[in-house]
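**Student:** Just passing along the structure, written as structure tokens.
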């Protein structure tokens, strides 16, 4: 009997959060180990399906960095990084597009199997993500200038769950690889999302990354700005995206450990939460 009471308590604890976030847009940046481990992948898909089925409006922006690197190596295409961003010449961009579109279709299939009306989109579809070149040294890496959010709003209105590949184009129809964190942030801002959640391979933000006891469970926008210059690599890019989002209409940003099963549900629907809350 005790285990049934515990299950009931879990549902009761979740109820006020389900009510609070009903019909709210939740932007989820999906990447890291949660994409690579089949068991974790299934847990994430279950979480997102549940979010959708209890009345939230999730949107997924996915990465695929390790798969892109593996395919580049397999095809003999040189791949390098600068300041946490992949340098993308035409060959690398073509590989990235191919790999990301393959991942996208698999995610659509997974969610459809869970009863969700999922739809896959590339950022070039309907000029969803309009870009300019980010930096000459990064070649075809784009900075988003405009998100044509009307496309996403109409899909949400029709009960679809959009899954977005972070590939965009410029006014001359050149294809650009976009950092998935940047894409998620830009889309969340354009839609003024209730939440933006990053699934990562760390437990969250640390005051000192070498000290695992320095995990930050909650940080204000001003504190995040102070911490950002002290962080390097991919997490620096992620924290900059968090700050940008909070300054531009996104209410809360979450950095979650995608290696923990059901981390999305634990963060959104429990009192304690998990990971780092920014904002």
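Cβ atoms here come from the backbone N, Cα and C positions, even for glycine.
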**Student:** Check Swiss-Prot for me: it has 64, 65, 86 binding substrate, so pick out which one of 174, 177, 210 it puts in that same site.
**Tutor:** 177
**Student:** Given the recorded positions 29, 86, 238, and counting only Cβ atoms in the protein chains shown, which has the most within 10 Å of its Cβ?
**Tutor:** 29
**Student:** If we count other C-beta atoms within 10 Å, could you say which of the binding-site residues 64, 65 has the fewest?
**Tutor:** 65
**Student:** What does the structure give for the C-alpha distance between residue 65 (substrate binding site) and residue 29 (site 'Transition state stabilizer')? Integer Å is fine.
**Tutor:** 13
**Student:** Check each residue in the chain of residue 177 (substrate binding site) that is at least six apart in sequence and keep those whose C-beta is under 8 Å from its C-beta; list them in sequence order.
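**Tutor:** Correct list: 86, 88, 92, 93, 96, 97, 140, 141, 142, 166, 167.
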